[in-house]
Ligand code: SF4
């Protein structure tokens, strides 16, 4: 029998082809080219406190961080870099402002890359030759990290403020200085706290160079605001194929940044989705406390490391449809819950048994998926209805 198309548009698994960028190697993580978009964060400990910094790096690693940056404002911090770079499970980037001597210290210490902010390093341009030579000798890539808050004075005068053009000109100027010394192991960021300016800056930059791009909305704010700003800005760029590594900046513990970063990538299908709870927002038709149900199911499944989609729905309007589409689901009504597994109703249980039944069935499915060798992921919650 011939399949007949019903004219339904096919759903793209990804929104755009990746921009073709050069690939660089940040320690064990490839950035750019066809390498997956990576998630980074930055430690908040004093880098000189080696134990605390390594502890935080371990927590970040466990939450899915792939590259970590550490600040290096003092000689004590520079002295700690070698041990941290050696013992960290993920590549360590030293973040250098103001003092060029720490750039050399970080390269010598074996950091996987060094971030420099040319606007903040006095006579940086005069040092590029030596930095390029040291970086080349050690195979250390450099991130040129231009920031709206510390834009080169010359460009501030030219443009009046940190416009997208000013950010891009600053970054490409610095890159050209490295190119003069035949150094191209570069990635670039042009961060601004306003997502609209930031998006435009990265679009212009993407059109004018082949370097891999590190996306960031700088000073994005507290968790709620920063999450929204980052999701909007990264979403706009990544959905056009722009961006090779991301850092969400939140005034919140860095583990939260990593969770948000991973969730953004999962939402765009740029990363294998983890456990996903599709729960409806509830409405006047709900015949069960959907919020409580979704929270209890999420709590019961947190830590599960398989890409399982679980639907928690409040009534029979969309419930059976969503539950059927998910790996596992419940459509509630009349004090009962119809439990779906892989599209089939396997049983109907009283409302008081919905949570435990879902968790029990999720465990069985997870075991089957693990046995089949499916990749792990982080829990996430999405809302339908
Ligand atoms: S499934 Fe939709 S219609 Fe039913 S309770 Fe949830 S939001 Fe309301």
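Along the chain as shown, the residues are counted starting at 1.
Using N, Cα and C of the backbone, Cβ positions are placed for all residues, glycine too.
In TrEMBL, annotation is done automatically, which means it is predicted and not curated.
Database features (TrEMBL):
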type: BINDING; residues: 280, 283, 315, 322; note: [4Fe-4S] cluster binding site
type: DOMAIN; residues: 21-261; note: domain 'IspG TIM-barrel'
type: DOMAIN; residues: 276-362; note: domain 'IspG C-terminal'
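In the predicted model, the domain 'IspG TIM-barrel' (21-261) has a mean pLDDT of 94. Taken residue by residue, the domain 'IspG C-terminal' (276-362) breaks down under DSSP into 31 helix, 28 strand, 28 coil.
Annotation for the binding-site residues 280, 283, 315: lowest Cβ count within 10 Å of the residue's own Cβ, 283.
The local packing around residue 322 ([4Fe-4S] cluster binding site), expressed as other Cβ atoms within 10 Å of its Cβ over all shown chains, amounts to 22.
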